[in-house]
Structures are given as C-alpha cells and as structure tokens.
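Annotated in TrEMBL:
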COMPBIAS  661-674  compositional bias 'Basic and acidic residues'
DOMAIN    15-131  domain 'Response regulatory'
DOMAIN    146-219  domain 'PAS'
DOMAIN    221-273  domain 'PAC'
DOMAIN    348-401  domain 'PAC'
DOMAIN    420-473  domain 'PAS'
DOMAIN    476-527  domain 'PAC'
DOMAIN    538-756  domain 'Histidine kinase'
MOD_RES   Asp66  4-aspartylphosphate
REGION    646-682  region 'Disordered'
Amino acid sequence: MNDLVSGGEASDEIRVLHVDDDAALGELVATSLERVNGRLSVETVQSADAGLDALADETFDCVVSDYDMPGRDGIEFLRVLRATHPRVPFVLYTGKGSEEVASDAITAGASDYLQKEGSIDHYGVLANRIVTLVEHERAETTMNDAQRLFSELADRTTDVLWLVSAEWEEVVFINDAYEDVFGQPRERLEANPRAFLEPVAPGDRERLEAAIEALGEGVSMDIEVGVVTPDGTTRDIWIKGEPITDESGTVTHLGGFTRDVTERTERERELASAERQYRAMFEDPNILVGVLEPDGVVRDVNQTAMEYIEGDLDDVLGEPFAETPWWGDDDALRADVDEWVARAAAGEYVEFEADITGTDRMRTVSGTFRPVRDDDGTVTAIIVSDRDITERTDRERELVRVRDLLEKTERIADVGGWEIDAETMDVFWSENLFDILGIEGDEEPPLEGALDVYHEEDRATVANAVEAGLEDGESFDIEVRFLTPTEDVRWLRVQGVPVLEGGDVVTLRGAVQDVTEQKRDERELMRQNERLEEFASVVSHDLRNPLNVASGYLDLARETSDSDALAEVGRAHERMNDLIDDLLTLARTGDHVREETALDLASVAEDAWRHVPTGAATLEVASTTTVYADRSLLQQLLENLFRNAVEHGSAGPPSPTPAHAVEHTSTDSRREGETGADDEGAVTVTVAARPDGFVVADDGPGIPAEARERVFDAGYSTSESGTGFGLAITERCADAHGWTVRVAESERGGARFEFTDVRTS
C-alpha cells in the first residue's frame, strides 16, 4: 500500500487503529481519545492479526498497539507491519513498560512509546502524541512528494533550473538541461559557478554580468543573450531570475530558469522579415497588391492599385473583389475573379492574367491569388498581387507581328535565316531555311552536320568563314554549292554577321538565299557576251578588210584623179570606220559595273578632254566632287559628251537647215543663224558637281525639246556626219552605274546633261 495512508489539512480527520486484547479497555481508550480531540476517529481490534487484516483493508493514519497480547506481542506486530507500512506512525501503548521494551520498540521502528495511565489527562497526552506524529508524517510526505515532483520536472524539462548562493559562489542546484543549453558539463559549473558566462556571445556578456550583479542586489533578471555552442553555432537563450530573501529581507539565494528560445526568435525574425517583405511588396510602386477576406471581401489595397481606377480607398474596402472597378463591366471576367478567390480560399495558389480597367486604357496584368494560413492550416486571408505587363504584352504582340512579317518576307524573298550560339555551338534554322535546303522536319543538326549539306569542295570555304566569324568577329558573304536530298547541286549565297557583347562574339547569325537561277543567268549572260564579242570581232574583221581594200584602191585612184566624187568616197569610208568603232564600243559596254572606285571628277574630266580633238573649244570645271565609278566607263562617257559638244557646237559650214545641225541643235530661244559660241566659233564645255551627281553643259546650239526623248536611241542622229551611237554609249555607261541621265537646256542655251543617283562624297 501507499505509505501516505491519509493526508490533508490540520482540520482533517485522523483515523487511528487501536490494537488491545482487552476489549473493555480498548473501548475506553477509543472513547476517551475521540472525546479529547474531535479530529480523531478510533477503531479497536483485539489482536495483532486482526490489526494486520484491518490495515490491509482500510487506511489508517496512526496505529496504537498494546505490548503484551496473546499470539503476537506489540513488537512482533510492529515488525510485520513495517514490512508493508514502513512510514505509518506507530505508538507502543502498554501497561507493562520497561526500558528494555521501549528500546526494542524504538529499534523495531516504533514512532513513540507511552505507558498506560488512567487519568483523563493521560488520554490528552496520547491524543497530542498521535496528532503530532500524523501531522509530521503528512508534512514529510508532502515535502517528499514535492521534492520528487520537482526532481521529475527538473529531469524532464528542457529549461535549465538553477539555484545559487547570493554571491554566486556556490551552485545549490542545477539540472541536466544545463549541458544541452550551455554545452558544458555540470561539474565544470559546480567547480566554477560563473563558468556559464564563457559560452555567452561576446557582445552580450557585459550586459548579462550587469544583470547578474543587479539580481544579487534584489532586482529581478529578465534577459535574452546569445550562447555559442561547441559546434560554432549561436543559440538564443532567455534567462529569468529572482532573488530569494530571508525573514529580514536579506538576499540569501538566487534562483530561476534559463530557456533555449532559438526557434522562437527565429520565428520572430522570420515573421519580421515576412512583415518587411510584405510591406515592401505592399508599398512597391510597380505591384498592385490587395488583401482579401477568405470570402473575397476587400480588406486593404495599396496606392498603386488605386491609381488604376477612379475613386477612393473607401469606395472599395468592404466590397466583393469581383465587383470592384478594376474588372470593368465584363461579367465573364468577374466570374473568373470569383472562381480565383474560391480556389485560393480552398488553399490553392492561383496564377492569372487578365485585362483590367485603367484610367487611360485597358491594361494587362499578371499575378497571383495567394492563401494565408494560420497555425492550424486554416485560410484566414488572401493576398492578391499583380504586375502591369501591358508594355511586355504589347512588345510580344509586336514581336509576333514582326516574326510573322519576317516569315512571310523570307518566303516572298526566298531567304532563310540561321544562327549559331558561340558558347554552346547550338544551331538555329528558320522554317524557310529547311524549305530552301529541302530538309524535312524542324530539328536543326549540330554544327558539323549543318556543314555537311554543302558540296564537299565548298565545305572548307563555309567552315573557314564560320570559324573566322566566331573567333575573330569577321562578317562574310560567300557563294557556295550545296546538295539537295535528291543529290541536285544548287548555289547558295551565305551571309554571316557576328553579334558582340563586351567585345566578344556571342552569336553568329545570317541569311541564306538560293541563287541557283541567278548563277544560271550569269553563266548564260557570259555565254551571250562571249558570242556577242565573237560576233563583233567577226563583223569588225569582215567589214574592215573590204573597207581597207576599198581605201587602198581609193588612194590609187587619187594619184591619177582629183575628182570630188573620190573625196565623197573618202568621207564615206571614214564614216564607215566611225560606225564600226561605235558599234564595237556599244556592244562591249556591260550592263552593270562590277567594281567602283573613288574618283576625282575634275581629274577624270581633264583626262577625257585630252583624248578628244577639241580644237579651239574650252573646258571649264566649275566644281568637283568624288564619284564612285568605273574609271574607264566614266572617262568614255565624258569623252563622248565632249566630242559631241565640240563637233556640233563649233562654227563650221552652215547646214542646209537649222534642223540638220549636228546631233543637238536648238531653235528654242535663238534667232535663226545664231549660236552660243564665241565670235571665232569656239564652244565652252562646263563640268560641275551637284549634291546627287554631276552636270556636263555647253554653250553650243543645244538640242530641240522635241528631240530630247530620242537622242539616246542607238543610230539616231540629225547630222549627216554623226553615227547616232555616241549618246547611246553615254546612256549605256550611265545605266551600268545605276545612274539617271536627263537632257535639258543649259543657262547659255546649249545642251545640259544631268546625271543623278550618283554615289558621291
């Protein structure tokens, strides 16, 4: 049985078991004790065995037993009793007392020894002995229970429980939790009561020492400090201490507890960080933020969100979010908002993108509905946040439009695009490039595989160009052959341009165009030119041989005759030679210039002037410029213009009619018979630069307005001596450069040839 057989306050009943073989005396003792002290309740039995049975069945606070009884005497009864009830108070109450019996009783574990007497005062003494013994036992039991509970608490708690002397020189009590919190053995603290200061973070040590000193002076301590553990981590601890004083108020001991609050402080820091993040997000001028109740009612919104609508904060607080002005009058969108709120209220993280009403236009936003839960996991609020992505979506739409335009342009121009990542060497081909190469699918090959599409004789050319582009940042423009899947050979023009960042090539990109037909046309044109050259040479040879024979006979005839007819034949021969020269020049003038160089207009003009029989004519270079042209063609152009001006602008035998003057005559602003030449009949030719080209003008008779449309026709001439090919050659030279030529009247009434679309600098 429990040693604490009964307990309670001083007013509680005390149950007494009285064992005496004399029944009458037993009744007398019981009655007397109950009369003397009303707290006592006495039950009497007549033998030790009966007493043991009673104790086995019931609870008693004290046992009073006679010594001399049949069977077991009082001391034997006590010995048996102590085996099961070691702490119950036991009074040996006998009329046959002796010092020997008393000694044996105390040795056997009796609480007290008292001899029987008959006076009423004697029963008062016995009652007092019983009450004193029971209350002492109850107090000890209570103290032991408290100590046991405290010890159990100290062993089980993770808090450090401590009690030290007032001067902090002796550790009265410390539990095992100290070693876990401070990382030191208890023995170290017991040897040095201030050893716990050693692991305290240096920045907190002085503050803790001041608090300890104040505690010794009677001031409560409540402080949080950091403790550096043996593994180098810092943990936060909370120390709470109180002074313990005696009856005079003098501090005798210091006691308290120390608790590891690292997790709490970490949570507090996390909460503070989350609060700062929330405030930063809430105050972010680029983010629209709102806080909703789980049912979607607006609890708060930030200023940024309010800038998107007309109205005040009070107009939206307390309103269902879906019914606020941000969503306009779009019922379908409002229904979506209600759905998003419901999903978030159910714990889902909802992402959305929508068009909302702005003060200036519809704005596109992208955001989230984020549920906020309490410790139980219940959604207590919803945070809705979004960003204005209008500009981004506008750019994306524009990008889609540009890409679509680029794809269509690629297909119309039959051009494909490509790109190589300089770091990964990944290859990208546009869709049209797959079509140009005749490759099915949409997966680009690796770089080596991409080079395999080219003709084996041209792969090195492409590889070297790509390598130079990636390593040295060089652009390239090459024409190479490639093999179609059906083994057809086609020509590609491949262009590449490096993209640089910080001086390094990050990408090499370019375009591919199928120029097979162009190459065929070029070869056909070359063959035609070769045939034309062959034809011109044959014609020249076949015409000049008979002409030379005729000229020889003409010379023989002149030796024997000086007939005017022979002179006419000579002039006819000269005209035929001029025609042959001009025809050859016209045939050999190309359609375009392959290479242009920077030329000084004045220098070329002066060279051309020296190659023309100019007589008394004068060249004036009014201004010059740098012209990008083929020097041979430019000089030929100027020579023809100079020759035309000199031959048809100088004074000579009058023509039968003004209309039969050389290749350019004019009656626009002159009286019949007038010319612009000086009194001696010399013409002045002027060369001048203009912003987009140059001008060649003279002061001769000019070209009639009605003839200006035909002067460049091959074979057209109003002169009997002209071949009609000079100005045609001039136009051919201009066309080969991509220039435009126009005929007008000069300031002096002569011919003015204006050349525009000329590349100058």
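Just so it is clear, glycine is given a Cβ too, placed from its N, Cα and C backbone atoms.
When pLDDT values are averaged over the domain 'PAC' (476-527), the model yields 84.
Asp66 (4-aspartylphosphate) falls outside any helix or strand according to DSSP and counts as coil. Under DSSP, residues within the domain 'PAC' (221-273) fall into helix, strand and coil as 12 helix, 30 strand, 11 coil.
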